[in-house]
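Positions annotated as S-adenosyl-L-methionine binding site by TrEMBL: Gly62, Arg67, Leu112, Gln113, Gln127.
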Amino acid sequence: MTEKDFYKKAAIYWANVPATIDGVLGGFGNFSDIDIDGSRAFLNKVLSSANPPATKLALDCGAGIGRVTKHLLIHYFEKIDLVEPDLKFITEAKINIGDDVTKLGTLYQTGLQNFRPHKNYDVIWCQWVLGHLNDSDLIKFLSRSKEALSKNGLIIIKENITTSKEVEYDEDDSSMTRPLELMTKIFDQVNLRIIHSDIQLLYLL
């Protein structure tokens, strides 16, 4: 598959996904609260560390309908910018966030492979989106993100990883799931240092 086809196929897939929590989570909307609880615990650890990032401006990458912004980031940061290529998701995000819409900063309608930060961010939040970038574009995106961090700023990445050492491709949404070893290798290429990591546990209640 060519690079152009890789991104085009993903765009077509998401264009046909409803702008709902169940839609953006691939039918697993019931996991949303558990996911947010895990992210909140992680973010609390980060913000209580010895050299925490500031909480003025965050960037939500692959923001979808603003689920993570609404239920997590908006409670910690003064402003949040969103990056999301699908227009209907951006439109829904503004509605979904409701009374806190004044905390929204700039909403960028573009894919991460084309996104160029023009601000300095305290936290750049990437969740279940980096699999939509090929390795080359992921390295470039992380390099640009690194340069866009404010003092003590962090890139927080929450992604699925394979249990094997192989990359797994999803033909439906044109994405890939990478093994931890490959993710770590990519971080090393960009001179990013892992300062904290954790595993999200999902429990069916």
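A Cβ is built for glycine as well, from the same backbone N, Cα and C atoms used for every other residue.
Automated prediction, rather than curation, is the source of TrEMBL annotations.
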Farthest-apart CA atoms of Gly62, Arg67, Leu112, Gln113, Gln127, residues recorded for S-adenosyl-L-methionine, distance in Å:
22
Near Gly62 (S-adenosyl-L-methionine binding site), how many other Cβ atoms are within 10 Å of its Cβ?
24
Of Arg67, Gln113, Gln127, which of the binding-site residues has the most Cβ neighbours inside 10 Å?
Arg67
Neighbour count, 10 Å Cβ-Cβ cut-off, for Leu112 (S-adenosyl-L-methionine binding site): what number do you get?
23
